[in-house]
Amino acid sequence: MTHILFAVLVLALLALAFGIILGFAAVKFYVEADPIVDQLDALLPQTQCGQCGYPGCKPYAEALANGDQINKCVPGGDATMRKIADLMGVDPQPLGSAEAAIPVKKVAFIHEDQCIGCTKCIQACPVDAIVGATKAMHTVITDECTGCDLCVDPCPTDCIEMIPVPTTVDNWKWDLASVAIPVKIVE
């Protein structure tokens, strides 16, 4: 019994000593983060889709702080690019290349008759837009899907297809900045 108490006491003292050492090291070797990277990261949509060419939003924010192009975030769209331009003090640019200036929004569609319920697409989806259970068919919540295309490659049966979202009154992007609105000033 005394051997057990002695072992517990020694482990507790070691844990306390290592905790003090780690606390001291955290204070002594603290590295100040770049505040602009944190601000840029807060503006990005956090989908971690990789369409910008970086493995996630934080690495893209670091690249933006180092002077990379501000128009690579497709899920963030034009609004995010304009916020980044305002923060960085640069002119807004069209998204992607010249052909991608007007992107076609796409969402994932699962052909449920071909789905085997492997859950690989659910694991790949960064925004949890796919619902389903193991060995049961899955489906996509289209309002949540960002169209990042990350769920297509892991699917072993190729039952996921990216389809364009039809333009309706509900999802139409009105360009009110270019529309002249007549105003009459009454005195």
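Every residue, even glycine, has its Cβ placed from backbone N, Cα and C.
What Swiss-Prot lists as [4Fe-4S] cluster 1 binding site is C49, C52, C57, C73, and the listing cites sequence analysis. DSSP assigns C73 ([4Fe-4S] cluster 1 binding site) to coil in the three-state reduction, outside any helix or strand. Cβ neighbours within 10 Å of C73 ([4Fe-4S] cluster 1 binding site), excluding its own Cβ and spanning all shown chains: 26.
According to DSSP, C121 ([4Fe-4S] cluster 2 binding site) is assigned to a helical segment. Positions annotated as [4Fe-4S] cluster 2 binding site by Swiss-Prot: C115, C118, C121, C155.
Under DSSP, C145 ([4Fe-4S] cluster 3 binding site) is assigned to coil, being neither helix nor strand in the three-state scheme. Counting every protein chain shown, the number of other Cβ atoms lying within 10 Å of the Cβ of C145 ([4Fe-4S] cluster 3 binding site) is 20. What Swiss-Prot records for C125, C145, C148, C151 is [4Fe-4S] cluster 3 binding site.
Residues or ranges marked as domain '4Fe-4S' by Swiss-Prot on the basis of sequence analysis: 32-90.
With a cut-off of 8 Å between Cβ atoms, the residues of this chain six or more beyond the domain '4Fe-4S ferredoxin-type 1' (106-135) that come close are 47-49, 141-142, 144-165. If you look up Swiss-Prot, you'll see 106-135 marked as domain '4Fe-4S ferredoxin-type 1'.
Taken from Swiss-Prot, the feature domain '4Fe-4S ferredoxin-type 2' applies to 136-165. Sequence-distant neighbours of the domain '4Fe-4S ferredoxin-type 2' (136-165) (same chain, 6+ residues past either end, Cβ-Cβ under 8 Å): 45, 47, 49-51, 74-75, 104-130, 171.
Counting residues 6+ beyond its ends, the region 'Hydrophobic' (1-26) has no Cβ neighbours under 8 Å in the same chain. The feature region 'Hydrophobic' is assigned by Swiss-Prot to 1-26, with sequence analysis given as support.
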Note to self: What whole-number Å value do you get for the CA-CA distance of C151 ([4Fe-4S] cluster 3 binding site) and C121 ([4Fe-4S] cluster 2 binding site)?
What the structure shows: 5
Margin query: For the C-alpha pair, I'd like the distance in angstrom between C118 ([4Fe-4S] cluster 2 binding site) and C57 ([4Fe-4S] cluster 1 binding site), rounded off.
Written below: 28
Next item on the list: Taking Cα atoms as reference points, rank the binding-site residues C125, C145, C148, C155 by distance from C49 ([4Fe-4S] cluster 1 binding site) and give the first.
Entry: C148
Next item on the list: Select the most exposed residue of C125, C155, where exposure means the fewest other Cβ atoms within 10 Å, treating these as the binding-site residues.
Entry: C155
